[in-house]
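Everything on this sheet refers to the single structure shown next.
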Amino acid sequence: MIISSASDYRAAAQRKLPRFLFDYIDGGAYAEHTMRANSSDLAEISLRQRILRNVDNLSLKTTVFGQELDMPVILSPVGLTGMYARRGEVQAAKAAANKGVPFCLSTVSVCPIEEVASQSARAIWFQLYVLKDRGFMRNALERAQAAGVTTLVFTVDMPTPGARYRDAHSGMSGPFAAQRRMLQAMTKPQWAFDVGLMGRPHDLGNISKYLGKPTHLEDYIGWLANNFDPSISWKDLEWIREFWKGPMIIKGILDPQDAKDAVSFGADGIVVSNHGGRQLDGVLSTAKALPPIADAVGDDLTVLVDSGIRSGLDVVRMLALGAKACLLGRASAYALAADGQNGVENLLDIFAKEMRVAMTLTGVTSIEQIDHTTLVGQRQ
């Protein structure tokens, strides 16, 4: 199969993965309107082409929280990554390090913090949910700190799980889910051997180490469902801000006032995110939410963005809308599922090439030069 874009990796991942896993990556909440809008709204943003400008010395490098990045991209935290490829979190972290960008490990990863951090040539980031079990949160923070994690990403848009209808149909949840997953795995023998058999253990590494016992998919669903905390407020996070001395990012911001509250709280950065359209259907796409948020707080903290980003062209669009860098979730998960570490490295090469073309044809030579003037009819 010819691979030239993230959409090609999506098709390859769909062929390789059992349906329940592919739909878990690919699906969103409710009827998935917001999930689709994330990509479609971004695609409608027009860049301003410029000609006869010297763009010979072009660079994708940038700096985020004092860390130099070879391009303004971070691999986003994605749950169960170790089920898409054998020890998938390790492979993704290695790919990111080789390409000079950060990798962020999910709370609900298969591989534990210690395994991933020890095998990455670059310090990793760690994502943490706000959960009722504060003991787990403290344990995870202490382990992350001991493993050399540099940056903490706090996901705050999950006080309750989103209604993901596709998961019920695919076997991730719903009646006879375990039996349906087993039958699906039997139809994908390559995945069943490489990941299902050779990728063991399939524990949720960060959780099982805390609980002191193996944790499997049903444990993941049940434990998380019982631990989401709808009572959480900014005040409940104060102890974490005091404990964590490195950069702390609040992920899940869609409203300018919430962004201002993050500044008051003392966050170093935010991620403008609707969780890839996986939480509340009907909210703004991140392409539409980003500009007013960047205008409100862009001078006070680092603004990052995710959701709907499928190309280097999309990265340039998001930077022009006000982001400092972009997080890649689904795109990197597709590439990992399709071809492991090599797939992720190739995807990042594709993004870099697409960015270079976009920058060349819009007449900019550095990431810092990309701003609202790079766009037609947006934020001018």
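All positions are counted from 1 along the displayed chain.
The backbone N, Cα and C atoms fix where each Cβ goes, and this holds for glycine too.
Here Swiss-Prot flags 1-380 as domain 'FMN hydroxy acid dehydrogenase'.
The Cβ of ARG278 (substrate binding site) lies under 8 Å from the Cβ of GLY27, GLY28, ALA29, MET35, GLY162, ARG164, each of which sits 6+ residues away along the same chain. Summarising the annotation, Swiss-Prot assigns substrate binding site to TYR24, TYR129, ARG164, ARG278 and lists sequence analysis as the type of evidence.
Counting only residues at least six positions away in the same chain, the Cβ atoms of LEU42, THR286, ALA287, LEU290, VAL305, ILE309, CYS326 sit under 8 Å from the Cβ of MET318 (FMN binding site). The FMN binding site annotation in Swiss-Prot covers SER106, GLN127, THR155, LYS251, 306-330, and the record cites sequence analysis as its basis.
Per Swiss-Prot, active site, proton acceptor is recorded for HIS275, and the stated evidence type is sequence analysis. Remark: HIS275 (active site, proton acceptor) has THR155, ASP157, MET158, GLY162, GLY252, SER307 as non-local neighbours, by Cβ distance under 8 Å and separation of at least 6 in sequence.
Other Cβ atoms within 10 Å of the Cβ of GLY322 (FMN binding site) number 21 in total over all chains. The local packing around CYS326 (FMN binding site), expressed as other Cβ atoms within 10 Å of its Cβ over all shown chains, amounts to 26.
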